[in-house]
Amino acid sequence: MDRDIELQPTNNIEAERIRGIHNDSSGKLWSIYLTEADERDKEITELWRGEAESILVFTGLFSGVVATFLSISYNNLFPNYTDRTNTLLAQISQQLFDISKGVSSPNDAPFSNDFSFTPSPSAIRVNVIWFLSLVLSIASAVNATLFQQWARRYLELTRRRVAPHKRARTRAYMYNGIASFKMSRAVKAMPVLLHLSIFLFFAGLIDFLWDTNSTVGSWTFGSIMVFGFSYLALTVLPNLCLNCPYSTPVSEISWHLSHRLLLFILLLAQRLDDLSLEYLFSRRQSSYPPDPSLWTRWRKTVKTRIEACRKWLKVGLQNRIM
């Protein structure tokens with residue numbers, strides 16, 4: 001009893017301390033921050049889950065299609081024992097017929113057990129490409145599952161029932177981790193594996209059909225080429241027109257590659273410009289010196305383009321629009 005009386009003040013003090021954290025003015029500020037943060041986190045995690053769910057659904061259907069074609073093409077890597085059996089039966093039938101007629105034929109020689117078989121190069125290529133397509137498709141499904149798990153983990157860590165200031169610090173810490181590890185880029189790149197798997201399947205399909213029937217293969221090749229050019233146009237359009245609503249998962253990658261190539265060309269031009277200027281000053285024999293104003297404008301333009309290109313590469317395609 002005395003022990004309970006001694007502990008009661010301590011418990012009351014702790015309760016008052018926790019109540020003060022929740023009810024003071026700073027606690028209200030934390031609550032406002034957490035309300036807005038929860039809305040933002042909900043948008044982020046719903047985006048992750050939406051991307052992951054769509055990929056999982058499509059991957060399941062696509063993997064089934066690839067597996068069906070593989071079950072057909074896989075048999076081309078092995079000898080057809082049914083054809084061998086039919087050949088042997090035809091040979092036996094011919095020998096029996098010759099014996100009944102009393103005719104000697106070269107088929108009276110003993111049967112050969114040498115059934116060497118080598119798969120055709122086309123069969124090997126098709127199976128390699130389609131197995132790679134299946135592996136990438138399954139890898140994209142695993143990737144989508146991981147993103148769903150990461151979304152649940154993020155919400156569990158940022159929505160724990162603790163004091164508002166502690167929860168706000170935890171949320172800020174986790175959100176900074178998302179920004180530092182470029183989770184937004186990872187989400188955008190998530191469908192890339194699946195699209196690569198689709199194009200590998202198309203490549204194997206062309207090879208498979210062309211070896212079977214050239215007419216069917218040529219028509220299929222033409223259809224896939226139309227789709228490929230359309231995909232390429234949708235990929236490049238956002239790089240040319242920033243307000244273009246069409247894009248593919250490869251658009252931002254192509255944008256970065258094109259601007260890195262442009263930056264390399266500009267740096268190379270700047271370096272060649274410096275070397276030519278050094279050459280002119282070292283020789284001092286040019287009867288037609290370059291116009292200083294034109295030279296200055298050229299160097300300034302190149303320098304401005306280099307700075308702009310570096311800035312664009314830093315902010316990215318989406319942030320450049322803003």
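Placement of Cβ uses the backbone N, Cα and C atoms for every residue, glycine included.
Feature list (source: TrEMBL):
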DOMAIN    30-210  domain 'DUF6535'
TRANSMEM  55-74  transmembrane segment
TRANSMEM  128-151  transmembrane segment
TRANSMEM  192-210  transmembrane segment
TRANSMEM  216-237  transmembrane segment
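Same-chain neighbours of the transmembrane segment (216-237): 199, 202, 205-206, 209-210, 244, 246-248, 250-251, 254, counting only residues six or more beyond its ends whose CB sits under 8 Å from a CB of the stretch. Within the chain, the transmembrane segment (55-74) has long-range Cβ neighbours (under 8 A, six or more residues past its boundaries) at 123, 126-127, 130-131, 133-134, 137-138, 140-141, 143-145, 190-191, 194, 197-198, 201, 204-205, 208.
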